[in-house]
Amino acid sequence: MLETLIHNGVIVTVDDAFSVLPRGALAIRDGGIVNVWMPAAGETLPQARETIDAGGALVMPGLVNAHTHLPMSLFRGMADDLALHQWLQERILPAEQAHITPKSVALGAELSCAEMVLGGVTTCCDGYFLVDHFAGAVARVGMRAILGQGVIDFPAPGVPDPTLNVTAAREVVGRWQSGTPLVQPAIFCHAPYTCSAATLQAGKAAADELGLLFQIHVAETRQEREDWMGRHGQSPIAYLDGLGVLDGRTLLVHAVWADAADVAIVARTGARVVHCPQSNMKLAGGVAPVPDYLAAGVTVALGTDGCASNNDLSMWGEMDSAAKLHKVHRGDPTVMDAATVVGMATVQGARALGLDHLIGSLTPGKRADLIVLKTAQPHLTPLYHPASHLVYAARAADVNHVMVDGRWIVRDQRLLTIDLDDLMDRANRFARKIAVSAPT
Ligand SMILES: CSC[C@H]1O[C@@H](n2cnc3c(O)ncnc32)[C@H](O)[C@@H]1O
Ligand SMILES: [Zn+2]
């Protein structure tokens, strides 16, 4: 017997092509998708424990937010309108030194996950410190996640001795207990300018031995690139290539200041790129050469970055920004069409994380990570092209139901897994402590 049958939906599979099944049906058993089809007129639908008439709503794969810093929701709106260097060195790192604890990371992560799942994100890929202290909170909310333990050559929360940073990351992975296979660890070396060559190679070696994803911020600002050219005579991406840390299990976050040679390196090594357009705009980092990466065959995912540089975790805003930013930058409205951008937020995101055998499209054999959007609303009426609405008109508040691994975690816009009011109370109480010590 099927667990769930959804029918009469506009099903956007985001499979090989951008396929749409108007009045389509989707069947779920044991948490997996077993069939996606267009029932013939008068066809008798299979029995299921739960049958949902989508009533013409859009049904699509859950969104993949490929770059977050979950605990940073507690710093939302604390340090706006600054360039990256000042934002990080003068505001964010001191706030992290003062306020990041095992308890606060769990609180911030839970808040971020709640925001994301209510907005249709079913998978995220994170990088922060003390990740083992918030894996349980992520699991409680019910989403799928890869949590990269941060590695940096400075004292960091939970790792006061930087000489032990990679050792500590290995220990975090060794004692990993998220309580669910949906939440897995990774290694996140912060950036080439905060990790020595030895740290980067040791971090990548640990990730390889443990079979994990290796993540890094790179080439985020013009200053980073210019400093690197001055100090090393090569770009940050060429430098990482020289260290041998680029391959198909490496996620390059931002990769904004990349020339044609850098794009060719990324394509040759198979490293993946996470594009964070809103964070790059807000911190005035620059515009990543995403059309060039795509033309070179690089897998490009989309991410929001953390809440202190965005300042929300909406992949709808991120899709809209990604589509428009490159059009104005290139002076060409045909670049980054809507279907391409939906792909980046779903199947390409899954591919970047090495999860495309499991998620990213509504394909029989994959896990049932999906969302249902409420389309009977003025701003989504009429509906000609689903991709257009998903990128240029839909927003997080349109997400009605969310399923992860066959389990509903949001129904009728209500989060089923945790007490949201209690969570927001706890976050507000925490913020009162921050407000007295942080500059505004
Ligand atoms: C190990 S990653 C966590 C570390 O990264 C900081 N961070 C957040 N966003 C950015 C960014 O866009 N560039 C560089 N560093 C960033 C965060 O505050 C943590 O300290
Ligand atoms: Zn980041």
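Cβ atoms here come from the backbone N, Cα and C positions, even for glycine.
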Exercise. According to TrEMBL, H67, H69, D305 bind Zn(2+); which one of H217, H401 is listed for that same site?
Worked result: H217
Problem set entry | Integer average pLDDT (0 to 100) for the domain 'Amidohydrolase-related' (58-409) | 97
Problem set entry | Those binding-site residues in E96, H190, E220, D305 whose CB falls under 6 A of ligand 2, listed in sequence order | D305
Exercise. If you draw a 10 Å sphere around the Cβ of H69 (Zn(2+) binding site), how many other Cβ atoms fall inside it, taking every protein chain shown into account?
Worked result: 25
For this session: Measuring CB to CB from H217 (Zn(2+) binding site), give everything in the same chain under 8 Å that is also at least six residues away in sequence.
Result: H190, A191, V253, H254
Seminar exercise, completed: One of the binding-site residues H67, H69, D305 has its Cα closest to the Cα of E96 (substrate binding site), namely H69
Problem set entry | Coarse DSSP state, helix versus strand versus coil, of H190 (substrate binding site) | coil
